[in-house]
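Residues annotated as active site, proton donor/acceptor in TrEMBL: Glu493. As annotated by TrEMBL, disulfide bond applies to Cys128-Cys152. As annotated by TrEMBL, domain 'FZ' applies to 44-166. Positions annotated as domain 'Peptidase M14' by TrEMBL: 195-523. If you look up TrEMBL, you'll see 1-23 marked as signal peptide.
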Amino acid sequence: MEFMRRKIKTIVFLNALVTVIWCASPRCDPGYEFIGRFCKEPEPEKPKCVDIMMNYCDDMSYTHTMFPNILGHRIREEAELGPEYLLLSVVHNLLNGECTPDIRMLGCSVLVPRCEKEKVLKPCRSTCEAVRKNCRHAFEGIEMAWPYFLDCDRFFVSDQEGCYDPLEGLRVTQEEDQASIDNTSEEPHTVIQFSYQSNAQMNSILKKTAARCPEIATTYSIGRSVEGKDLLVIEFSNNPGVHELLEPEMKYIGNMHGNEVLGRQLLIYLTQYLCSEYLLGNHRIQSLINTTRIHILPSMNPDGYELAAAEVQGTNDPENEEAQNYYSWTLGRGNAQNIDLNRNFPDLTAVAYGRRRHRHFRSDHIPIPDAYWFDKVAPETYAVMKWIRSIPFVLSANFHGGELVVSYPYDLSKHPLEEKMFSPTPDEQIFKQIARTYADAHATMSGNNSERCGNFGSIGQDGIINGAKWYSFAGGMQDFNYLHTNCLEVTVELGCDKFPAEEELYRGWQDNKEALLTFMESVHRGIKGIVKDADGNGIKGARISVRGIRHDITTAENGDYWRMLTAGIHILTASAPGYTRAMKKIHLPARMQKAGRVDFVLQKAVVEPDIEEDYNIPSMGTYERFDPYNQFERYAIREQNQNREERQEKPWWWSYFSRAHGSAPTWLLRID
């Protein structure tokens, strides 16, 4: 009986135990099944707000975040090991401090998004778009794509959707800093870093400058070098990108020879100076930019510069000064095809000399001979020729190194057997005045005690010289400007050292700053005006002739023109096919600071064929013929593309990111 009682108790206890076990949540061990029931996974914990524990994001305006984050990183460790966080950790050094901490904090708002009341808040799209507009050029400057995780449309939301400003804390700090600056007595001033830049850094500076001064500056490319580098121009004007009626246009070109680098640096500094001083209210700079359209090409030969810079760094041995001097005089002078760009332009000077006995000879707008296109034309030369044909430039200077002097046309001797023969243009007097404008404003160039380098013999003591009298050569850029367009160009040699030490750059800027500004202001000398028909419409291509100067200039698209002249009495004639001529006598005072206004109205008339024929040489074709057989397209573009394909080099920073992770972050690479 006792045995039966114990058995019943045991059965009751086991039934109760089975009931407890049966009701408990079954474990989901692999391969194990419960009869009649299915195992149930435990419910994961709901994400909660946690402290931000990532060093490069610990200065955000909030302190809590949540994982998974916006990019799908499940835990903090996964986010820290990703290429996105690696980029944020080095972005300050990559961009040389530019756009940081803005970029870093914007990235942190995606990697460690703001968390409030167990809910993730997304950053504002408007903040992202503002940073992208101001900082995209910095990534382009190092050939890096805009980071995918800073896609403003993908990871950021509008104000209406409820967002926050990830740079809120930064703005407070900046306002405090600005307030402390405002309370000091120090006057605001322009700050320039006097150091050398790579091609990418140079382009970044130009784009950053244009972004800082969007009302007066813009950048544009005129073409590419042999190795595919942009020939980037920055323009300054009160209406950038537009030719305004009666506003003269001038240009500066640097680094035509890749190893002659001071001009390149001066033009980079000049762009920063113009932008900064305009914003600071400098009346002189504001007046210059508001009345002039200025185009600056700091480097015409970026490929040659890269070679020269690499060689100079490689030979930076204080005990081997001779080697340094040798390299700076040779390597990188030509482009990547080893073409000397200042010998690569059409030789129109020889054509002009051959036309001197022609009855109605004029040394202007000489067409490019068809034979020129069958020689090797560098893509840099081609780009500059198209550029100066497309804009009505009035004045220009190109910068070189190796001597301290301003040279003016002609560069080719008028006698084939004379290497150093004075060979003036019809505009000798105005060219001398233009050259003296730069030399006299330079700190030392025109002084009797100025150091002359003597590399090409004696050049005199007044700081200017006729090019052919110095040394003769054909195919130069300044002769081409004068003989093919309205533009008067001189060559400025900036000193004996073609690649000066970095510590000499500040002195170079101080020596040349006033000359650079004064030269630009001189574009307003002479006369300007509009040539119209009887109905008041501007006449494009009308000729303005000056008695005694056998060199005409032509009117621009809307009939406006500019003619640089010396002081005195001049007799002007305006003419155009299908119109009668008009003549005026003018007097330009010696101290006149602005161009005099001289307009013409031409009446319709019958064309005089005999006069029209005098302006052209049938064997040369017309002025409009430019690469008529597409010779440049046939070999130059093909060679350029081949070089680009052969290079396919990854940017200098690529190895750092590709080694740090198993899968290379290809999203960092730009796709042109």
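Along the chain as shown, the residues are counted starting at 1.
Glycine is no exception: its Cβ is also placed from the backbone N, Cα and C atoms.
Note that the structure is a prediction, hence the values are computed from the model and not measured.
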Go through Cys128, Cys152, the listed disulfide-bonded residues, and name the one with the sparsest Cβ surroundings, counting other Cβ atoms within 10 Å. Cys152
What is the Cβ neighbour count of the residue listed as 'active site, proton donor/acceptor' at a 10 Å cut-off, with all protein chains included? 26
Do me a favour and check the Cα-Cα span between the residue listed as 'active site, proton donor/acceptor' and Cys128 (disulfide bond); whole Å is fine. 46
Considering every residue in the domain 'Peptidase M14' (195-523), what is the mean pLDDT value? 90
Secondary structure composition of the domain 'FZ' (44-166) [DSSP: H/G/I, E/B, coil]: 57 helix, 17 strand, 49 coil
